Amino acid sequence: MVFRKLPGVSASGMGLRLSQKFVFLLFLSGLVTLCFGALFFLPDSVRLKRIFLSKTENDVKEHLKRPVKEQEHSRAMVSAKADRLKSVNRKPAVTQAVEATEERLVGGKAQEELTVSRSESASVRSVDTFTYNKFKSCLIKNPLGSDSGKAADPKTNERREKVKEMMKFSWDNYKRYAWGKNELRPLTKNGHIGNMFGKCGLRGASIIDSLDTLYIMGLMDEYNDAKEWVQTSLDLNSNGEASLFEVNIRYVGGLLSAYYLTGEELFKNKVLELGEKLLPAFNTPTGIPRGVINLGSGTSWSWGWASAGSSILAEFGTLHLEFVHLTELSNSPIYTEKVMNIRKLLNKIEKPHGLYPNFLSPVSGNWVQHHVSIGGLGDSFYEYLIKSYLMSDKKDEDAKKMYYGALEAIEANLVQKSPGGLTYMAEWRGGILDHKMGHLACFSGGMIGIGADDGAPEKRQHYLDLAAEITHTCHESYTPTKLGPEAFRFDGGAEATATRLSDRYYILRPEVIESYMYMWRLTHDPKYREWGWEAVEALEQHCKVESGFSGIRDVYTTMVSHDNMQQSFFLSETLKYLYLLFSDDDLLSLEDWVFNTEAHPLPIIRKNCLQDQGSPQDNTASE
Ligand code: DMJ
């Protein structure tokens, strides 16, 4: 049989002309696209969607698989959010387009690889819903101690009363002149809003930051006013832009502590509502959150000043404690997943000399610059490693390993001894040391102190000594007003002295006093209480003005010039650490509590006890 050659059909291949082949291919590719696209519309193609959809969408779905009550709340949130998304988008369109392209180029793969797997996340899910009474029964001590932590000797007790009086004075003036604003301007007697907590967003930072301090000091009328403000006026539905870090440490931390101390459901409801609003900041290719978030629209972006759109180590590394507690209270694993994902990435990437640089790209997941600092930009990342370990009832081995690894690298590369014999932490810029220490870095005395006991046995005494030496150096920087500069140097003959005019200010920061408090609890060396008292007197002498406390512009002159700002961390941290320094150790015992970086106490999570179904026998805490 002879096949006849059809007109228009070539003799090559299947006998199709080039143009026909092209049409056929076009048809075929159309068909493939159609089938692929259908996957996204078919009902319940969950497995396939999990493969093809980005992690973010999966997260939202998982998140919504929660108890009905929570889902109702979520639905309201989602629809409110959708409405707001339509109307609000404050981010410049160009930035968004560039970022969207960057993210597509890098792809969702990075995040898929780095995100905690479902089986891992199952292990972070609470067995049952959080119950406050059960939590209380798992504490070793009464949070307020016996006799509210009142010290036995009259002199210490007098000093404690003085600190309480300072708190009342700061609070009363804030209430009188700045109620509902973020901070008090004590000279001009008005309120300050600032943009750290939201340009047109969150308010009342001093109120949230003060709740726990007022409560532990027994200033109950003031605490009740603060609580009432949270009830009636804390508006979480604003469209303001805010620092994820600041909102987390002050508002999330403050509300969590208030809840754990008082058991008031109001605080729990508020903090869970706020926590949910922070989640969109993590929607980046790596899951590393960006620094700024619009709480209304959920849009997030990096700080304009941060190197090449990067995220800051001390910001994305200072979420762990609060987010683990959000999971604890909400019974939703999503918060823990978000912070575990950050940790996973940090573990995976290479670290120069074992150090963690301060800037990381949330798009590529790579370091952007090799600047390492235990002060600003780096500080509380290290703090949260050791505190994560302690807060997990010493179960979080990963955090422990990271902390001691980082500390070893810090000792090998950053810790220095000055010609005058002072131990300090220099900053590291790509291998070159900058012999400067910031006031912020002075928290590290306390940090190294609380971590000393869990280090390798042969290192424990060494860590305690190092903690004491750093604290001593920071005390040395407090002169002659007995208040310390923002940064001090150890070069050109300087010994813990600010050599630049621009470093001479003191803004009521707590870090040095924070280290005194921890070192007192760890050693009971009376010098720490004496140093704390020096600070109280200096605050009274130089920072107290008619209507509150103010920072000063130059710690080297007793003819002080005030900066007209009563920072909210003065009420939350500086005064709280002073009060604890002059109290018995059982007030917010370190056996039960870790302090977040804004000094808000968060309880150690004793899983064994919390999940124990039996009724508690030995309820020392609630006595
Ligand atoms: C506080 O808000 C926190 O301690 C933060 O970690 C660093 N800076 C201020 C106080 O100085």
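Backbone N, Cα and C define each Cβ position, glycine as well.
Just so you know, TrEMBL annotations never went through curation; they're auto-generated.
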Point to revise | Cysteine of Cys442, Cys543 paired with Cys474 via disulfide, per TrEMBL | key: Cys442
Check your understanding: Which of these recorded positions is closest to Cys442 (disulfide bond) if you go by CA atoms: Glu246, Asp379, Glu486, Glu511, Thr597?
Key -> Glu511
**Study point:** Cα proximity to Glu246 (active site, proton donor), best match among recorded positions Asp379, Cys474, Glu486, Glu511, Thr597
**Key:** Thr597
Check your understanding: Do you see any of the recorded positions Asp379, Glu511, Thr597 whose C-alpha is within 10 Å of Cys474 (disulfide bond), and which ones?
Key -> Glu511
Review point. Do you know which of the recorded positions Cys474, Glu486, Thr597 end up with C-beta under 6 Å from ligand 1?
Key: Thr597
Exercise for review: Sort Glu486 (active site, proton donor) into helix, strand or coil using the DSSP assignment.
Suggested key: coil
Review point. Name the residues of the same chain, 6+ apart in sequence, whose Cβ is under 8 Å from the Cβ of Glu486 (active site, proton donor)?
Key: Gly438, His439, Ala498, Asp503, Arg504, Tyr505, Tyr506, Ile507, Arg509
Point to revise | Cβ neighbours of Glu246 (active site, proton donor) where a neighbour is any other Cβ within 10 Å | key: 22
